[in-house]
Number of protein chains: 4
Amino acid sequence: MLTTHPFDDDKLREECGVFGIAGIDDAAAMVALGLHALQHRGQEAAGITCRNGKEFYSHRALGPVAGNFDSEEIINRLRGDSACGHVRYSTTGAGTLRNVQPLEADLASGGFAIAHNGNISNALALRDELVRHGSIFQSTSDTEVIIHLVATSKYRTLLDKFIDALKQVEGAYSLICMTAEGMIACRDPLGIRPLVMGRIGEAYVFASETVALDLVGAEYVRSVEPGELIVVTNGELRSHRPFPNNQARPCIFEHVYFSRPDSIVDGSSVYSVRKGIGAQLAIESPVDADYVIPVPDSGTPAALGFSEQSGIPFELGIIRSHYVGRTFIQPGDGVRHLGVKLKHNANRPLVNGKKIVLVDDSIVRGTTSLKIVQMMREAGAAEVHMRIASPPTMHSCFYGVNTPKREKLLAARKSIEEMREFIQADSLAFVSIDGLYRAAGEDTRHDLQPQYCDACFTGAYPTVLTDRDGEEETDQLTMLNERSDSSGTARDHEPSGDLPRLKQSAN
Amino acid sequence: MLTTHPFDDDKLREECGVFGIAGIDDAAAMVALGLHALQHRGQEAAGITCRNGKEFYSHRALGPVAGNFDSEEIINRLRGDSACGHVRYSTTGAGTLRNVQPLEADLASGGFAIAHNGNISNALALRDELVRHGSIFQSTSDTEVIIHLVATSKYRTLLDKFIDALKQVEGAYSLICMTAEGMIACRDPLGIRPLVMGRIGEAYVFASETVALDLVGAEYVRSVEPGELIVVTNGELRSHRPFPNNQARPCIFEHVYFSRPDSIVDGSSVYSVRKGIGAQLAIESPVDADYVIPVPDSGTPAALGFSEQSGIPFELGIIRSHYVGRTFIQPGDGVRHLGVKLKHNANRPLVNGKKIVLVDDSIVRGTTSLKIVQMMREAGAAEVHMRIASPPTMHSCFYGVNTPKREKLLAARKSIEEMREFIQADSLAFVSIDGLYRAAGEDTRHDLQPQYCDACFTGAYPTVLTDRDGEEETDQLTMLNERSDSSGTARDHEPSGDLPRLKQSAN
Amino acid sequence: MLTTHPFDDDKLREECGVFGIAGIDDAAAMVALGLHALQHRGQEAAGITCRNGKEFYSHRALGPVAGNFDSEEIINRLRGDSACGHVRYSTTGAGTLRNVQPLEADLASGGFAIAHNGNISNALALRDELVRHGSIFQSTSDTEVIIHLVATSKYRTLLDKFIDALKQVEGAYSLICMTAEGMIACRDPLGIRPLVMGRIGEAYVFASETVALDLVGAEYVRSVEPGELIVVTNGELRSHRPFPNNQARPCIFEHVYFSRPDSIVDGSSVYSVRKGIGAQLAIESPVDADYVIPVPDSGTPAALGFSEQSGIPFELGIIRSHYVGRTFIQPGDGVRHLGVKLKHNANRPLVNGKKIVLVDDSIVRGTTSLKIVQMMREAGAAEVHMRIASPPTMHSCFYGVNTPKREKLLAARKSIEEMREFIQADSLAFVSIDGLYRAAGEDTRHDLQPQYCDACFTGAYPTVLTDRDGEEETDQLTMLNERSDSSGTARDHEPSGDLPRLKQSAN
Amino acid sequence: MLTTHPFDDDKLREECGVFGIAGIDDAAAMVALGLHALQHRGQEAAGITCRNGKEFYSHRALGPVAGNFDSEEIINRLRGDSACGHVRYSTTGAGTLRNVQPLEADLASGGFAIAHNGNISNALALRDELVRHGSIFQSTSDTEVIIHLVATSKYRTLLDKFIDALKQVEGAYSLICMTAEGMIACRDPLGIRPLVMGRIGEAYVFASETVALDLVGAEYVRSVEPGELIVVTNGELRSHRPFPNNQARPCIFEHVYFSRPDSIVDGSSVYSVRKGIGAQLAIESPVDADYVIPVPDSGTPAALGFSEQSGIPFELGIIRSHYVGRTFIQPGDGVRHLGVKLKHNANRPLVNGKKIVLVDDSIVRGTTSLKIVQMMREAGAAEVHMRIASPPTMHSCFYGVNTPKREKLLAARKSIEEMREFIQADSLAFVSIDGLYRAAGEDTRHDLQPQYCDACFTGAYPTVLTDRDGEEETDQLTMLNERSDSSGTARDHEPSGDLPRLKQSAN
């Protein structure tokens with residue numbers, strides 16, 4: 001089955017987006033809009049929970065926000081002045097509605113709902129312990145351990161119970177919680193996943209990305225900071241910092257692909273960073289060609305940067321179908337080979353006889369890249385050069401991003417030359433890890449204490465991974481040693497970025 | 001209700017696309033793909049009819065091709081080596097499945113199916129006459145008159161009956177018919193709507209646009225010519241020309257907006273024509289600005305042409321949501337004002353403080369243009385100049401394009417200066433009609449015998465409009481006199497392009 | 001697959017019920033109720049057409065009336081002061097909505113809708129002729145020929161066109177038509193299928209059975225007479241008799257099984273007739289037993305009659321599930337043998353050790369009878385005697401009743417003794433044909449000119465069967481000769497009841 | 001809204017039925033059949049949980065078993081050799097799927113599923129306590145407290161934990177549980193709700209009624225006894241009796257209405273008991289009439305008993321629609337008054353001019369009785385006498401039966417004469433409480449220690465009702481004093497049956 005799914009099978013996928021608003025009429029309608037703006041972060045399922053007085057009301061659905069949350073009937077059932085919501089990639093199969101967030105529970109203190117972007121890396125261990133003491137889980141979601149830790153905490157206030165719970169979990173989490181009394185937004189100590197705060201009138205808004213603020217008409221205030229816990233009660237906001245200080249390690253892949261180009265992530269314009277990566281690529285790996293052609297849509301900003309830096313004209317050599325929101329399941333065996341064409345079509349009259357540079361954001365399995373190169377050749381391209389606006393993706397993510405198993409990652413199995421051969425390009429180059437950091441506004445990567453989580457490129461995981469102990473140990477050790485320079489130039493081995501992680505695990 | 005519908009409410013809409021293939025196994029699966037590639041020509045409904053031996057099988061559905069025609073179950077019910085299909089914009093309301101094409105009938109000669117792109121302008125008159133003699137109509141579709149004319153024709157062979165029928169209809173039609181013996185593809189004498197022919201192995205393929213050939217892997221052979229009728233029987237192809245010779249008048253709006261940029265329409269690359277229009281605009285109406293920004297996606301090729309010609313950098317100042325394929329119905333009154341934001345978002349960090357030129361393909365009601373200009377100003381743009389890659393749209397189309405009533409067309413009510421004021425731009429310019437013809441490869445418009453149907457810009461309708469007689473008479477007389485130069489410069493009155501039309505109506 | 005379907009697979013099935021009302025607000029709501037009361041005559045599909053001024057509105061659905069026609073939304077779309085409706089057994093497969101009645105057409109005289117109970121036995125011949133002259137059929141329904149005959153009739157008024165059409169059709173029809181001006185109800189010259197008239201206030205009501213009058217609160221006036229055509233216009237009623245006089249031949253199976261026991265059919269209480277058949281059975285075929293046990297629900301009145309006549313106590317030895325309205329498709333192979341138990345369960349404590357007489361209305365294939373006898377034996381019955389309240393069913397019906405092919409009819413293949421052996425009963429008897437006529441109030445069957453259509457028992461078809469000519473000829477000749485006495489006593493051969501039929505065909 | 005719902009709005013409703021089977025292939029298919037046979041005990045929702053090795057699989061659905069559990073697809077997903085299931089009346093509103101049983105949890109000991117017929121009368125108190133200690137509830141079902149009590153029990157083995165849990169709950173429960181190791185069936189100490197055991201081959205079957213054994217082909221073994229806990233592990237069965245001895249108090253309303261007439265409940269044929277009640281009625285309250293007419297279907301056995309005892313002929317004067325399984329929501333205001341007619345129709349020709357005795361099982365609100373009496377009068381009945389096969393229903397049930405609030409119970413507000421007047425009958429009589437006990441095989445009711453729970457007639461609740469403390473106190477005190485003789489004869493006040501209840505609460 002080949003699809004025109006906007007989550008291309010050959011991309012990494014952000015697993016979630018979260019949105020919350022406190023202190024406004026029709027809060028749920030605002031959340032529906034906010035989730036629609038975050039739809040690119042997960043379209044398999046969505047949910048909204050709102051609070052009206054002490055009562056919580058929820059609606060969850062498999063599928064996208066549009067069509068599920070835009071009817072008067074649904075929104076009218078979700079009355080209240082506070083609401084939070086969640087979009088989710090991933091879960092498949094029957095009965096998965098139980099895993100759709102926000103998760104919700106009736107605690108002794110009243111209702112409690114939680115929407116989570118990220119991944120708890122010791123969820124299994126915590127779950128076993130909780131079940132042994134009589135907790136009954138409703139879902140298979142890692143997020144549910146947080147609720148049970150809160151429910152069974154011996155502390156007295158809900159805030160203390162919540163902090164008690166967070167101190168027991170490892171991994172990545174940007175959370176928006178709704179309690180009987182207010183809303184809590186927080187970000188894990190390393191700030192791996194993004195979370196921003198905005199205002200609209202008297203109301204506070206929290207969202208994974210600023211585009212969601214734009215759509216609801218909220219003003220962007222600032223990012224929630226790594227390790228920060230913000231409580232909104234009766235229109236008042238308090239910031240807590242319950243964790244020891246830590247160097248932040250936000251995910252750099254948000255800049256490469258996950259976030260929308262019109263978002264501001266941790267202070268930087270994603271569009272500018274992407275253009276900068278394209279320019280870096282043109283500097284690091286120039287090529288003689290007639291046209292720079294983006295692989296739409298995610299490769300477009302980097303292609304513009306490459307074109308500007310190199311002076312090679314930018315042209316639309318690949319036309320993307322307008323109907324990418326719909327999955328087309330190809331019927332019949334006879335047409336199985338068509339593949340990527342359902343989504344992209346070559347602009348034949350333009351490409352024919354020309355030397356072209358294709359610019360894409362990343363290579364995961366490489367199957368799409370191969371098909372696009374072939375499509376260009378079939379359309380008559382004389383030379384096809386591929387430039388990738390990220391270093392080779394060599395490691396799985398355990399922080400809320402769906403990555404194929406390592407052995408499926410093309411870069412984990414092949415050298416750059418072998419990859420070039422696989423995708424049948426005339427040349428292939430990736431931006432260097434330092435080039436990437438430079439485009440993100442850093443002078444260079446500080447290898448001892450990297451400014452970002454770049455584990456997918458370097459294997460330098462910033463936290464312990466309890467649930468994967470044993471199973472992944474050899475693999476991780478390997479990772480520590482294999483940090484390779486993605487620009488293709490060999491580099492000396494140096495102290496890896498995961499040392500701080502060992503320290504963090506001692507907290 | 002505001003939507004992210006890809007058929008923007010403020011665009012003209014092509015009403016149909018057609019696709020047929022004769023002489024291949026799994027014909028229906030190919031048609032499903034072909035229709036998917038033509039989905040931009042109509043997504044309200046789709047249908048496929050196939051022939052297996054003497055039996056016809058059909059499936060029709062409201063909604064897009066994906067989701068309705070891509071299941072094994074549906075395709076397996078549509079066995080056969082010939083099939084034709086149709087995508088359709090427009091029909092709303094219950095029971096409309098009866099209007100979804102291909103229309104199909106059991107004639108004395110056996111099955112007969114017809115898929116039609118265009119509009120029969122004397123359908124009501126013909127229908128009344130047929131009903132008086134006992135014909136019973138199944139649908140309200142203008143296309144059905146063709147079937148009844150065939151069924152009641154006194155000629156002996158089906159081909160003669162079919163030609164007899166066509167000689168009685170006026171207007172625009174690109175038809176693909178399936179008979180008990182073969183397939184017929186034809187185009188009205190003026191060739192108003194497009195139709196191309198391709199080959200894949202031994203099979204012949206017909207489609208509204210070449211992108212559908214690309215997707216199924218067929219080779220482009222040529223356009224079906226205006227007034228040509230091609231019959232495929234048992235793998236053999238014969239071309240007939242039953243009509244007196246006529247100067248062709250293909251629709252020029254196919255180049256402006258309807259066709260996909262990667263299609264070749266009547267021999268020209270749509271992408272190149274659109275870049276050419278952009279370049280003409282830059283020559284005719286230059287402006288001093290920091291960035292050229294396309295209104296995505298339809299304005300992009302013209303914006304690239306404008307940027308190249310003017311040297312002003314091309315930037316993505318408006319980001320289009322990835323989820324435009326889904327309609328989002330805004331819930332709640334509180335969020336009704338959000339409008340176009342559901343579809344487009346300003347790239348604030350880029351636009352802020354800059355002078356920008358927006359390039360769009362056309363202005364219909366003007367409401368979207370207004371919102372986009374406002375969005376740019378809210379994002380901090382210092383100046384907003386609008387350039388439109390077509391002349392002002394001042395007249396309704398009666399040839400298979402859904403246009404608002406004349407009084408809703410901004411250009412029918414306002415001068416260019418008034419339009420600029422309405423959309424709140426700092427300046428506004430349209431390409432001239434001659435500039436448009438030049439971009440399409442002509443030296444100029446031959447006003448006595450125009451090379452294209454450009455009635456939506458000029459009011460020069462190339463056929464009589466029987467069903468509208470009386471009702472539209474005054475209006476049409478007005479049209480004849482008001483042919484204005486869209487570039488804003490007054491021109492002398494000259495003989496209009498609709499003289500030949502009077503002659504044609506005598507045929 | 002075994003089911004608890006109320007239309008037991010082993011019963012003959014009435015194919016349709018019709019209902020119409022003229023001259024009342026909310027006519028469609030009344031029709032929905034009326035159809036609900038007639039649901040036993042067909043539950044595969046239903047439709048309602050109403051007229052509001054000159055406009056006709058229709059809704060059709062597969063499935064029963066309840067759930068499809070009882071929402072405010074549907075009924076509100078069907079505004080108007082006249083409406084007719086139809087319930088239908090039979091059609092299977094996709095797209096059959098086209099066959100769901102009322103059929104509707106826009107004639108030159110305006111809208112025309114028709115609901116038909118019965119079967120046109122020369123429909124294929126008429127259809128071929130109509131298609132040859134250019135008529136295009138929308139459905140595969142025999143009823144549609146009537147509409148095309150009306151549409152193409154050369155007569156001037158609609159009434160004349162309609163009578164012209166009826167004179168060309170053969171077979172059984174009780175029709176309710178709605179025209180631009182009023183309502184027409186009529187019954188074929190032999191009155192094969194029932195049709196009654198009622199009044200409610202100023203409105204006239206027509207229905208297949210009186211139970212539908214009861215439910216809507218209408219007063220029963222009289223039967224529409226065989227060959228009568230009643231026109232209601234502006235609240236006035238006129239009766240026409242366009243056909244030569246004919247001896248009526250109403251279907252006797254309406255009394256045996258089709259009609260509800262609380263209906264009055266052609267002047268007789270169905271319940272009384274059924275009790276009378278049971279009494280006849282007790283007289284003709286007495287048995288020594290402890291209990292008379294009905295096969296629920298259709299055998300109950302005859303069982304009461306048998307009990308009264310014989311003095312043997314009536315007991316509920318078989319309990320019918322309350323949930324017969326739901327089809328239960330048995331999952332898994334392991335449970336396939338359960339069969340009839342899904343619908344009926346033996347009342348074990350009652351039956352155990354007892355000699356019982358089972359009374360059922362008819363035997364079609366005999367499979368259900370076999371299972372019920374077995375169920376009684378498994379529950380411990382000492383003896384099981386079967387008494388059937390109709391003669392053996394030996395011939396197919398071509399007048400709107402769904403009968404299995406002749407070779408599937410148990411009585412067409414086996415003697416009564418062989419049938420007894422097949423169903424494993426200790427004894428088996430059917431009521432005689434004369435006994436049946438006596439229960440229906442006649443002294444005896446007038447074999448030269450029978451008072452009823454009893455072709456399913458005797459093979460004496462009262463009309464020609466044009467569409468079956470050739471194919472069925474031998475079979476029919478056989479039928480003429482094989483008219484056997486169903487009581488088990490041989491009788492001499494006598495002139496058959498189908499002589500009048502030849503005369504009628506000359507009309 | 002008036003309906004033909006088989007759960008007549010004017011009947012008490014059993015809230016649940018349970019079925020379990022251990023030790024057979026395709027266990028879930030058997031459970032589906034068993035639940036179908038128990039559908040009359042609840043048709044709002046159904047669920048099945050099966051165990052395959054250590055894995056549990058569940059499917060739950062709103063609506064009846066047929067249509068939800070009879071597809072190969074569903075049953076194939078429920079592989080395993082043990083399964084239990086539940087049908088449920090009641091839950092309404094969105095999201096109620098969470099309340100559909102079997103409830104299921106992953107305990108430290110593995111999977112645990114529970115299906116419950118009855119009602120826990122201290123569920124709220126237990127729930128509050130559990131939540132205070134960190135338990136998170138998934139449903140609002142009283143049954144869920146049992147699971148949490150098991151999960152948090154300090155005992156070591158699952159069986160001990162389970163008994164520990166049961167000792168904390170009050171009320172009525174017939175339970176079928178599935179554990180990682182086997183199946184547990186048990187009945188509360190008073191045996192209020194029924195539960196029977198059967199065998200099929202090597203497998204053990206448990207069900208609410210014997211009809212479910214009949215349908216799956218299982219042999220009836222015996223009732224599970226009050227206070228008995230049966231454990232099936234690896235094909236071996238052990239019976240435990242963890243509770244102190246108690247006099248059983250099974251629900252007598254099972255004989256009056258809930259159970260199917262073909263079931264054997266606690267050793268008696270329901271059909272025989274009902275006929276016996278009818279005979280008692282004829283003795284206690286004779287009447288001079290032409291016909292005995294049952295209110296179908298539940299009044300039929302008692303009507304037969306009345307007819308036999310009195311010698312008055314039994315006739316079907318009311319015909320029940322075959323389509324009672326379908327709810328018909330009456331459209332339009334104009335037809336709102338039709339009411340009960342959708343379900344029942346008078347057999348006019350029979351009833352007209354006759355004196356009739358109607359026999360029904362019970363009167364709850366009285367609205368249906370009124371409509372039926374009116375229907376008989378409209379059909380021409382000369383006299384209408386009503387006889388009821390139970391004493392007046394005066395008290396709510398708190399043991400798993402849905403009763404209207406007391407003030408809605410006609411008998412709680414009116415004397416028998418007032419009730420007669422309300423339903424407009426010529427006479428009205430109820431069977432006496434002692435007559436009811438006699439029909440059930442007792443000599444008389446032992447008022448100090450009644451043999452049945454008859455609280456709905458007498459107010460003598462056999463257990464404490466913790467959750468209703470306070471709220472119902474006055475009401476209950478009243479109940480104790482008002483125990484009235486339902487036969488209409490005043491009786492002296494005597495010690496009530498609820499003394500043992502006080503003792504039991506001390507256990």
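Each Cβ is built from the backbone N, Cα and C atoms, and glycine gets one as well.
Among the features that TrEMBL reports, active site, nucleophile is placed at B:CYS16. B:CYS16 (active site, nucleophile) falls within a strand segment according to DSSP.
As annotated by TrEMBL, [4Fe-4S] cluster binding site applies to B:CYS251, B:CYS397, B:CYS453, B:CYS456. Taking a C-beta cut-off of under 8 Å and a sequence gap of six or more, B:CYS251 ([4Fe-4S] cluster binding site) has these contacts in its own chain: B:ALA172, B:ILE192, B:ARG193, B:PRO194, B:PHE258, B:TYR399, B:VAL401, B:TYR452, B:CYS453.
Within 10 Å of the C-beta atom of B:SER298 (Mg(2+) binding site) sit 24 other C-beta atoms, taking all shown protein chains into account. Taken from TrEMBL, the feature Mg(2+) binding site applies to B:SER298, B:ASP360, B:ASP361.
According to TrEMBL, the feature compositional bias 'Basic and acidic residues' maps to B:482-496.
Feature annotation from TrEMBL assigns domain 'Glutamine amidotransferase type-2' to B:16-235.
Annotation comment: TrEMBL describes B:471-507 as region 'Disordered'.
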Binding-site residues listed as B:ASP360, B:ASP361, least Cβ neighbours within 10 Å: B:ASP360
Between B:CYS397 ([4Fe-4S] cluster binding site) and B:CYS16 (active site, nucleophile): CA-CA distance (Å): 14
Secondary structure at B:CYS456 ([4Fe-4S] cluster binding site), reduced by DSSP to three states: helix
Distance, B:ASP361 (Mg(2+) binding site) to B:CYS397 ([4Fe-4S] cluster binding site) (CA atoms, angstrom): 17
Listed in sequence order, residues not in B:CYS251, B:CYS397, B:CYS453, B:CYS456 with Cβ within 8 Å of the centre of the [4Fe-4S] cluster site Cβ atoms: B:ILE192, B:ILE252, B:PHE253, B:TYR399, B:VAL401, B:ASP454, B:ALA455
Protein Cβ atoms within 10 Å of B:CYS453 ([4Fe-4S] cluster binding site), excluding its own: 27
Count of other CB atoms lying within 10 Å of the CB belonging to B:CYS16 (active site, nucleophile): 26
Mapped DSSP class for B:ASP361 (Mg(2+) binding site), helix or strand or coil: coil
Whole-number Å value for how far B:ASP360 (Mg(2+) binding site) lies from B:CYS456 ([4Fe-4S] cluster binding site) (Cα to Cα): 17
Cβ within 8 Å of the mean position of the Cβ atoms of B:SER298, B:ASP360, B:ASP361: remaining residues of the chain near Mg(2+): B:LYS11, B:VAL256, B:TYR257, B:PRO294, B:VAL295, B:GLY299, B:ALA302, B:VAL359, B:SER362, B:ILE388, B:ALA389
Overall pLDDT for the domain 'Glutamine amidotransferase type-2' (B:16-235), taken as the rounded mean: 93
Largest tally of Cβ atoms lying within 10 Å of a Cβ, found at which of the binding-site residues B:CYS397, B:CYS456: B:CYS456
